[in-house]
Each structure stands twice: as C-alpha cells, then as structure tokens.
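Just below is one structure, and these are the notes that go with it.
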Amino acid sequence: PLFSTKMASGQRQEEERSWLLENGNPKILNKESRHGHGRSRRAHNISSASFRKKSKFTLVSNIRWDSLRNVLANIQEVILGTKLSILFCAIPAAILAHYFRVGRSWIFILSLLGLTPLAERVSFLTEQIAFFTGPTVGGLLNATCGNATELIIAIFALSTNKIAVVKFSLLGSILSNLLLVLGSSLLCGGIANLRVEQKYDRRQADVNSLMLLLALLCLSLPMLFTYSAASPELTVEPSLYLSRASSIVMLAAYFAYLIFQLWTHRQLFEAVDEGEGVNNEAEEEAVIGFWSGFAWLAGMTVFIALLSEYVVDTIEDASDSWGLSVSFLSIILLPIVGNAAEHAGAIIFAFKNKLDISLGVALGSATQIAMFVVPLCVTVAWGMGVNMDLNFNLLETGSLAVAIIVTSFTLQDGTSHYMKGVILLLCYFVIGACFFVQRFPSYPNEFHTLKSGIDSVT
C-alpha cells in the first residue's frame, strides 16, 4: 500500500506539471542539461530572478477543467509570480486615467509605474522560452528584448518626431546603468563586505568598456563635425549621413559582440548563482509552455507599447506641471522607474559579494543600449523619414564621455571597495543636478535647423 501511495503521489505531481505546459509534452530537463543551462544563464536573468516568487498550485490543481486550469496556472506564474505584482494595478489605472482624461501628469506617473513589472516579466518570459530553444537563442532573445521598454518608447517618440525625448531617454539609460546602478552596487557591496576582498572577472568589464568607447567615438564625431565648419548649416546633411554610416558600423560591432558573447567566448559572460535567496530548482525548469510564453510576451509587448505611448504624449505636460525640464524627466526619472527591478537585482547580488552578476547587469545594459538601441533608432528613423542623427549635443555627449571614462578607470584593476561606488554616485548626482537646473530648450532649435537645412538641400 505504501508503494502504491508513493506511485500515486508521483503520478499526481507529473500530472500537475504536464498541465502547466501546453500540448501535454513538457520539456523536463535532466540533471546534466539543467546544470548546463544554469551555467549559461546571463546576469540579467539571474538578477531578475531575485524578484520572483515560487508559485503554489494547491487551489488551482483542484479545478476539474483542463483548459481553465491551464489558464489560471499561467496567470498565477506570469502575473502573481513576481514581487512587483502589486504594480500591475497601475496598468488599468493608467488606461482609465487616459480614458476619463484625468490630469496628464497622473497618466505619466501611472504609466511609468506600470512599465516596471512589465520590464521584469519580459526578462522572465524570454528565459522561459529559452528552455525550449536552447541557451544560444535565449541569449539572442535577451540581446534584443533586454531593453524592449527603451526601444518601444523611442519608436513612439520618433513617430511623433520627438527626437529630443529619444536622445534624452537613451542617454539617461546609459548614464543610469554606468553610474547609478554600478555605483550603488559597488557602494552597497563594499559596505556589506568590508572585511572581504571583492573581486570580479575583469575580462568581461574590459570587453564592455571597449564597446562603450567605440559608441562614444561614434556619438562624438557628428557633434565635433558641426563645430568643424564655419557655419553649422553647412554640416547638416553630411552630419546626418555620417550618423547613419556610424549606426551601421555600431550595429555590425554589436553583431560581432553577440558572436563573441554567445559562441566563441561564452564562458566570460556566464554567471552562476549558488542559490542564496533564489530557488534555483524552480528557475532551472520551465513553468509555462513554449507557445504560452510567446503569447504572454506578445501581450506584454502590447501593454508596453500602450504605456510607452502615454509616456511620450504626457511627458511635456508633466514637465510643465511639476516645473521640471523634459531633459531631467527623460534622463533621470524614466530610466530609474523603467528598470527599477533590474537595478535593484544588481544591488542585491552586490550585497552577496557576487559582483560579476552586478557588473553583467549594469555594463551589459549600457552596452546594449549604446551599441544596439541607439543605432537601431537612427536606422528606424531613417526608414520613417525622420532625420535623427547621433549628435547628442555638447552637454549630453560630455556627460556620457565622463561617465564612460570614469567607469573604465574604476573597473581596471579587478577589485572593488565602497569608495569606488561613492565616486560613481557623486558623478551621477552632479550630472543629474546639471539637467535639473537646465531650463533652456537646447534641442528644438537644433532640430529645426537640421530639418530646414536638409529640406533646403533636397
């Protein structure tokens, strides 16, 4: 009887797992494949995993109808399987606020709050799909969907010809990752591990630093080009062509970076979490099916697009209402709120003295935005007939140059202490204060000149 009871219990557990994954054919990984997959998980996935909750299906498993049981189980995993699930309430609140024409500043802040859990869930869904496609395709999904929020916001801003918002938000994401996230991680990790020498793999940091320096060169040349002529109008069209050519070079470099990261030197970018505070067993097996993951990912993308449209439409009204410049909201507020989960995850792992994960999150995101999202926006704008170039203006480009150079010097010796974090954070606060006091619109006149100059040439 005892043997029969154990057999029945095992069969029940297998049935519960089978209805979690559609088609009745779940991909259960064996011990070796689980270990191999776990070693190839990227820092972004491990960082986001710190906000996930293990689901209990006691009530759901009692439902008789298979289809309803599958739907409820997926909802429980995707919607309630994160510690940020309470912020999902901001999504319908933002939609209702837009429908009933509530204050536009409220629409702006509710949309930002709603984007926070959506960004974390996109990371979760791409990892779930990777269980069925393998780590390489999963890495490619991460490389393209890792900053989906910034990319979708940028595309909506381009569709309304708000090039300044695009440039500000992308610049802010890079600065936030390099100075705020990395600085907070080094500071918190250094204080929590005062008597432990903190080390990390410098090779990964060197590769990302080289990529960021290449991005800085491509962003600096169009700006310097405008100062090389007697009149800025003479450089309008050549600067635009230079920006488009530089964007193609940046995308080619990012493609080479993906080959380096996912194939030839994968071991440099693999991150392992020993499981402090994160249930690895739960993360090493798929909890939703392949097609369910794609359906949820498409649905999340739709809501990200909707909230991104609200953010772009209301950012100027929020700026007027709060007395803050658009540059400050785009460079400081948008990146902090939009990637709060990923940033907090990096700090949590720095507390655990796992700086390789923290650096992978901060430097990986900054590299992805600088070398992929920025040039992709230029090429997309090119296809849309929008004249977006890589001239981020003198103040913005100078801030980016300081951030990249200071970060590169900070990470050159392979060790860390809290003083490095203090310096990075102070750099971020000074740059933030600069854009806080900036009240003059530096971009609109420039864009008007860019458009009129090209129109006159063509």
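Every residue, even glycine, has its Cβ placed from backbone N, Cα and C.
Unlike curated entries, TrEMBL annotations are predicted automatically.
As annotated by TrEMBL, domain 'Sodium/calcium exchanger membrane region' applies to 106-263 (among others).
Look at TrEMBL and you will find 293-431 (among others) tagged as domain 'Sodium/calcium exchanger membrane region'.
Marked as transmembrane segment by TrEMBL: 78-100 (among others).
Residues or ranges marked as transmembrane segment in TrEMBL: 106-125 (among others).
Under the heading transmembrane segment, TrEMBL lists 137-158 (among others).
Marked as transmembrane segment by TrEMBL: 170-189 (among others). Same-chain residues lying 6 or more positions outside the transmembrane segment (170-189) and placing a CB less than 8 Å from one of its CB atoms are 147, 150, 154, 198, 212, 330-332, 334-336, 338-339, 343, 346-347, 349-351, 353, 355, 358-359, 361-363, 365-366, 369-370, 373-374, 377, 392, 396, 399-400, 403-404, 406-407, 410, 416-418, 420-425, 427-428, 431.
Taken from TrEMBL, the feature transmembrane segment applies to 210-229 (among others).
Proximity of distant same-chain residues to the transmembrane segment (241-260), defined by a Cβ-Cβ separation under 8 Å and at least 6 residues beyond the stretch ends, is recorded for 139-140, 143, 207, 211, 214-215, 218, 221-222, 225, 367-368, 370-372, 374-376, 378-379, 382, 388-391. Summarising the annotation, TrEMBL assigns transmembrane segment to 241-260 (among others).
Taken from TrEMBL, the feature transmembrane segment covers 288-308 (among others).
Look at TrEMBL and you will find 328-351 (among others) tagged as transmembrane segment.
Residues 42-44, 143-144, 146-147, 150-151, 154-155, 158-159, 163, 166, 170, 173-174, 177-178, 181-182, 204-205, 208-209, 211-212, 214-215, 218-219, 243-244, 246-248, 250-251, 253-254, 257, 269, 339, 342, 390, 407 of the same chain lie 6 or more positions beyond the ends of the transmembrane segment (363-384) yet place their CB under 8 Å from a CB of it. For 363-384 (among others), the entry in TrEMBL reads transmembrane segment.
Residues annotated as transmembrane segment in TrEMBL: 390-411 (among others).
Counting same-chain residues at least six beyond the ends of the transmembrane segment (423-441), those with a Cβ under 8 angstroms from any Cβ of the stretch are 164, 175-176, 178-180, 182-184, 186-187, 324-328, 331-332, 395, 399, 402-403, 406-407, 410. Per TrEMBL, transmembrane segment is recorded for 423-441 (among others).
Against the transmembrane segment (288-308), stretch 106-125 shows more Cβ pairs under 8 Å than any other of 106-125, 328-351, 390-411. Same-chain neighbours of the transmembrane segment (210-229): 178, 235, 238-239, 242-243, 246-247, 249-250, 253-254, 257, 363, 366-367, 370-371, 374-375, 389-394, 397, 400-401, 404, 407-408, counting only residues six or more beyond its ends whose CB sits under 8 Å from a CB of the stretch. Below 8 angstroms of C-beta separation, residues 51-53, 55, 106-107, 110-111, 113-114, 116-118, 120-121, 124-125, 287-288, 296, 303, 306-307, 310, 341 of the same chain, each at least six residues beyond the ends of the transmembrane segment (78-100), sit close to that stretch.
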